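As recorded in TrEMBL, the features of this protein are as follows:
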type     : residues : note
SIGNAL   : 1-25     : signal peptide
DOMAIN   : 42-207   : domain 'Pectinesterase catalytic'
ACT_SITE : Asp190   : active site
Amino acid sequence: MATSFHSGFLIFVLAIFILVQMTTTSSTATLASMHSGALETLIVAQDGSGNFTKIGDAISFAPNNSNYRTIIKVKAGIYYEYLEIPENKPNLMLYGEGSNVTEIRGNRSVGDGWKTLYSATVAVLGKGFIARYISFINTAGASKNQAVALRVDAQMAAFYRCAIDGYQDTLYARLGLQFYRECDISGTVDFIFGDATAVFQMCNIYGQVTGIRTV
């Protein structure tokens, strides 16, 4: 059983790397073809040059229960949104233009009356989710206690060159198999926690108080 589990996880990690190399700047097909089952790229741009101006609208448009990959290309900007990738939206990919220029920000916290579970700026429940070159940020601050930037409750979720930034409880790796590669994760107290099986490869983990790299 243990051998089978580890083999399956290694296959998952390998598949993620192959997919990351394949899904670069593919051309955008028409929105009408989205629901026909073909791999699709949607563009989110705050200046109106894409298909949507909000990430949440692109997620809502993505097909339900699809076996195909839907790529949501998010152009540079600071997006003040609270997002959930629901279970019925598997195989989504958020693809930014760089974690220093494509940011998703929120400020929910226990200090302002939210439960830790629901304080997340972004919550991922859909299987096979991938994020690349994007930041997930909770700006609530140390005085607000628990304030999650990213919560992941999904099987086979992967994050590549992303930034996950907050203070207390920054990354809630709650459930499932998860893979983080070359990500920057920062916080103060318990800022990586949860019951997931997660691999962190070549990641930088920083303490916000000292600014010292801890792992």
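Heads up, the Cβ atoms here are built off N, Cα and C, so glycines get one too.
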Averaged pLDDT, computed only over the residues in the domain 'Pectinesterase catalytic' (42-207):
95
Through the lens of DSSP with three states only, how would you label Asp190 (active site)?
coil
